[in-house]
């Protein structure tokens with residue numbers, strides 16, 4: 001099935017989803033190592049079998065990742081390589097998704113109750129807004145299809161809603177700073193202790209200076225994951241989740257807390 005889709009001159013949103021599932025064997029949400037090499041090999045074979053040349057985007061992709069063992073791509077990168085239907089592709093090209101800071105601001109707009117997730121109807125409105133900002137409109141049936149596919153692509157725990165880290169896969173890998181924090185997340189007890197330690201005035205939120213102190217300590221303790229030279233970027237992206245400069249416990253937990261235990 002993946003082979004026939006890779007031979008297509010135009011790949012529909014549902015076909016793109018099937019291709020992704022085929023190659024993301026471990027369900028991590030990214031293609032790397034053998035998964036990525038399998039994609040490159042099968043893409044070249046499928047196009048050759050169909051008598052088709054690789055597109056310029058495909059050639060660039062093969063040149064960039066074909067000889068690398070450390071390559072890693074997300075859904076966004078694949079959507080730019082394959083000839084995906086225009087409106088679906090636009091969801092990965094919108095201005096709000098070109099930087100992590102803009103993404104965080106967009107997230108805050110839709111996660112209005114600070115619950116830490118976006119449900120189906122909110123996701124539908126989010127996608128509709130992205131398309132409208134690109135001067136594109138789709139009918140309700142197509143919008144529902146896109147919403148359903150986005151849930152299938154990003155809802156890794158199948159709870160019918162998207163958490164921040166799941167939704168962040170709409171970002172290109174190099175822009176997704178949340179990946180840096182995946183390996184250093186704390187359990188709920190540790191996180192609460194850290195929050196109370198850095199909320200020095202005990203007002204229930206962390207301001208920019210308090211966040212700066214927290215990030216400096218995290219960088220010192222986790223030098224393999226975090227680069228202290230990037231603190232300004234980390235801080236700017238995280239503060240985009242704040243409410244008027246006030247970063248509440250539930251907001252910071254989206255970045256640093258792994259769970260309740």
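A Cβ is built for glycine as well, from the same backbone N, Cα and C atoms used for every other residue.
Site annotation (Swiss-Prot): Ca(2+) 2 is bound by 111, 113, and the candidate from 102, 122 recorded at this site is 122. Taking Swiss-Prot as the reference, the stretch among 2-7, 8-13 described by the feature region 'Interaction with RANBP9' is residues 2-7.
Across the structure, residue 155 (Ca(2+) 3 binding site) and residue 28 (Ca(2+) 1 binding site) place their CA atoms 11 angstrom apart. For residue 157 (Ca(2+) 3 binding site), the nearest of the recorded positions 2, 35, 201 in terms of C-alpha separation is 35.
Residues 15-16, 18-19, 22-23, 42-43, 45-47, 49-50, 52, 82 of the same chain sit 6 or more residues outside the region 'Interaction with RANBP9' (2-7) yet have a Cβ under 8 Å from a Cβ within it. Same-chain residues lying 6+ beyond the ends of the domain 'EF-hand 4' (142-177) with a Cβ under 8 Å from its Cβ atoms: 13-14, 16-17, 20, 27, 29-30, 72-77, 87-88, 91-92, 97-100, 103, 107, 111, 116-120, 123-124, 127-128, 230, 233-234, 237, 254-255.
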